[in-house]
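Data first, discussion second: the structure below is written as structure tokens.
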Amino acid sequence: MTTPALLPLSGRRIPPLNLGPPSFPHHRATLRLSEKFILLLILSAFITLCFGAFFFLPDSSKHKRFDLGLEDVLIPHVDASKGAKNPGVFLIHGPDEHRHREEEERLRNKIRADHEKALEEAKEKLKKSREEIRAEIQTEKNKVVQEMKTKEKKPLPPVPIPNLIGINGGDPEDNDIRKKREKIKEMMKHAWDNYRMYGWGHNELRPIARKGHSTNIFGSSQMGATIVDALDTLYIMGLHDEFRDGQKWIEDNLDFSVNSEVSVFEVNIRFIGGLLAAYYLSGEEIFKVKAVQLAEKLLPAFNTPTGIPWAMVNLKSGVGRNWGWASAGSSILAEFGTLHMEFVHLSYLTGDPVYYKKVMHIRKLLQKMDRPNGLYPNYLNPRTGRWGQYHTSVGGLGDSFYEYLLKAWLMSDKTDHEARKMYDDAIEAIEKHLIKKSRGGLTFIGEWKNGHLEKKMGHLACFAGGMFALGADGSRMDKAGHYLELGAEIARTCHESYDRTALKLGPESFKFDGAVEAVAVRQAEKYYILRPEVIETYWYLWRFTHDPRYRQWGWEAALAIEKSCRVSGGFSGVKDVYSSTPTHDDVQQSFFLAETLNVI
């Protein structure tokens, strides 16, 4: 097994102005007289409106008192403690009143002058030909583009890179373990080399069709998701030639100024997370610069009434929206709750607090909200700030929110007590309402839907075994042993979901209903798409207990992937883990290289 030097991340893991030329009739070089008259009429009406509003507003000098309430923000030059009985109340009299009238007259004269200047400029514009106007627009457009390029090239402040432990730990003494490690490295090479040959620059690979592949989470552009996502695994495995190939592609081709709608969550964990991990491992500045450029493109997604970001955002226009299937236009807990670690690091690396403030605002809002039975529902409407459908899951839609609370505490060197409290409160509610034991003695995490517990556990929820183990140290009431044992029980259940299939690979979800335990019932839930969550839990349990069974379970999963998912052009997911003859879905997911092979 390899030893990642950083905590595994979940999944890790101003838009350019469109100043195109105006539309002009081809048969006429200048504007028609009627068009000039209409434009002048509009300008005259606008100026009349401005002057009318200015002169018909009440004369503020006649009012001796102002109750503002925001004096420190709006008029910081005024000392509220002098000459005011109450904060926000200011009296104007004597010489101050005379100065106030002079200032008001000065502002009136300035407004008159500005309006006269604007009118003269408008008249001059109307005298110019179509070609002259186009030339001026192109000049302004070039100026804006140049300013944006200058902004992008602005160097970021130097910050110390943390010391990394375990990257160059040497080969294990055990010959058997060394051979297994080399096998996993060979699997990584097979996946990478085929992507390099058949899908280079595309987001993912179709290993059977041997061509590039993408999904709507990455938009319509070729952004090299697999390249960015796999960088840390390549570096940790010592595949430095491959790492440099990826770095060169990123330097030459990775461009976020594209008209493409992407998932904020997926782009954050795979791209920003991948770039930051590569930066911290290698120290190469390009990764930090690209991460910041992309983060700026994601910020418009937070422009909602509540500050809860949209699920999707267009990287060029900044327009955001939510998934059509999400409850009543809601944002999803696992998506807006899985930004914290990357955004905090962005503020650290840039010195700009905007990223930190965005994610802390989300946390503050969640803390104020009522939670049914102490549980966080998976849906939250970004317009109203209200929960959507009451559905709670530690699997899909909810999973990494809880993981990021715990890792925010760990990342802060255990000083972010607020994050730890939110994690502990959530885990206690989950254990009380969602964690059950089957008739056969298997501990599972169900899903809460509108007051009813559904006895179904998803593959994604299997990450929780590792999370419970990771969070055992520092738990309340000295319950470290309890949570370590709970993590081990979840690991055993998820291993059973693998062991009870023909391919020894786990289904997407499995039920505990009567005689059916840890088995998928519906055909639509029998697939395996190279997911890492079960193996990740084995990894954590091995690191904390050194019980050899977890290392053995991880190796069994690796052999099953090699046997059933490997094809000549890479690795593919399978459609039915209960069929002894695998049918492939022909997709090599980027997270297979970034996570699954990272923790085996």
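Placement of Cβ uses the backbone N, Cα and C atoms for every residue, glycine included.
TrEMBL annotations:
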- E266: active site, proton donor (ACT_SITE)
- E508: active site, proton donor (ACT_SITE)
- C462-C494: disulfide bond (DISULFID)
- 145-175: region 'Disordered' (REGION)
- 37-57: transmembrane segment (TRANSMEM)
Set of same-chain residues at least 6 away whose C-beta sits under 8 angstroms from C494 (disulfide bond): H459, C462, G465, G506, E533, V534, T537
Residues that sit under 8 angstroms from E508 (active site, proton donor) by C-beta distance, when 6+ apart in the chain: G458, H459, A520, E525, K526, Y527, Y528, I529
Recorded positions (E266, C462), the one with most neighbouring Cβ atoms at 10 Å: C462
